[in-house]
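Have a look at the structure below, then the notes.
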């Protein structure tokens, strides 16, 4: 065997301590990150020696070459890994945790585990409780000395347990205890033990430059003190001899804060807030040292007036006195741990207000427990009011879902892992005993488990919303829809897998119900026998929808049309495509079928106006893709519709409003506009005569241009040049009203006066019907 190689890892301050001839004990200061045991060989070739020097344990690593082994590939020597302990601790402390403040969560969790262990063991050994007092945790910050002291009345530790638990990196005493509990099903059936990785204690060095642990186990008569400083590979253990520091039972941890962290973490209010955030639902009372004020009654001497004799009179008054005392920080109990049948509605509302700092009662709640691959308890709430900021609708990081593991807060910073973005308005708590977390307990590890949880949470949320929609009190769902309807519409776009759950919850105004919202189920129930589709129209307002020319024939035939008046509505409906085998049809697009067409009449109309359609298309050129006879108009002369795959007027308006709108796409999509004409309208009949009898007429051409421009506006589009359109209208108005009510041109009037015509003041009134002569060229 090769000679042993030795390397001392204890820090330089130890060299100044005189070495006393005390026995040196061999202890394996192991790390779960290093291979040891049967993986290499039974004999230990890399041992950690704890040399006791003046009660200080210094870490030494003796790395030895293993015996030569012969394998199929040939002979070779097997080595074991070595580690720089101070560097390893630095990596554990500063690389695992993203926030310094989690040190308090970890230490409180350790204290809770110690109390749980004592409670379990006392079932069979009641003597362990002794006179150690109530099971509790106390946290006392000291801003003057820059320290935080955390005391629990739990199981404590013996000297051997101190070395084993605090001297062994990644050695979890809780994990060992849980393993023992599993062997005893009666004791281990129900526990609240939290720790599992064996590194949480070292998070104290996130904020502390020195940590002192004083502990007293009911199994031992002696109390021991463990001390260590940051960036050191050694620690000290001594027996406590000062009677003022003797504990009846439990553990006291004192953190000597770093200079940069004293002002933040030695402040009492900060500590209280951290406890409320991370450890509010720990199963044992947590008291924090807080400054309080009280009003006391005192006696004061009344001032003696001049000339008066005798002793001054006493008068009673009050003053405010400040003092320090213990305050319970976790008074709110974990409501989700109780049976839902035993909890009153008022308790749910009160818990909601305290947990989420709300002032309104929630609109609804659901309390459930799931079992199977993942077991967890949860309470979900629908708030009484929606977000005031529209950005919250599209922001998945709303911190509304709080994840707990064994009632210890883990995180509320989820980027859509637990809840989809469109359900981000839901608030609630999720608590599990067996979630796969990373070592820092800040991130969920296993995506499969997360997917299962997400699926169940979504299903329960939809069940809760469905109950509101089916409630006898219709105002509840009306309130829900006003506040959160936009979120569900977003779900139509983002979650195709849940369309069947989302679609029945949608509500819209319609041509038959402009005051109350209607559901798609009600729409289908009211459909006629020949109606095969769900018709909708997207506009910018309810007023615009009601006056749109697209509706004319549908209203005449008593066909209901849904009004989509919010920007997200049209995209949401387009993503749904169908509901209960009924297609969604936009009535502002080409090829509209109403289900009761008269094919003979339609064919005759197309034949009669086929020449006019070609003539108008020739006049308009590339402005429209084609011109055709309409089956959707009854009172308007024409309407401009979009191509089947093009943007509607509403969508075009929204895309133009985008800050980074794609102009090339806009030009491509708008090129499929189609002008539809009403064959029964007088203007169209006149133009039909004009195209046959006077196709070169400039007046007819001007009418076509103006007809197209007005169709742009009435159909919801935006004209390219409003000023040019205005001039055309003014010109046509001048033609229509010029001289009609007695006005004459100034030149005409002046020439008449010069000629002395005494009839110049008389004006002949001509009726419009008399203007058209029998030989009008536009007549057939």
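Each Cβ is built from the backbone N, Cα and C atoms, and glycine gets one as well.
Positions annotated as ATP binding site by Swiss-Prot: 106, 110, 152, 157, 172, 173, 196, 197, 198, 199, 200, 201, 251, 441. The compositional bias 'Basic and acidic residues' feature in Swiss-Prot is assigned to 769-780. The region 'Disordered' annotation in Swiss-Prot covers 742-780. Marked as transit peptide by Swiss-Prot: 1-60.
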| Near the Cβ of residue 200 (ATP binding site), how many other Cβ atoms are there if near means within 10 Å? | 26
| request: Tally every other Cβ atom lying within 10 Å of the Cβ atom of residue 106 (ATP binding site). | output: 24
| Just going by other Cβ atoms within 10 Å, which of the binding-site residues 152, 251 has the emptiest spot? | 251
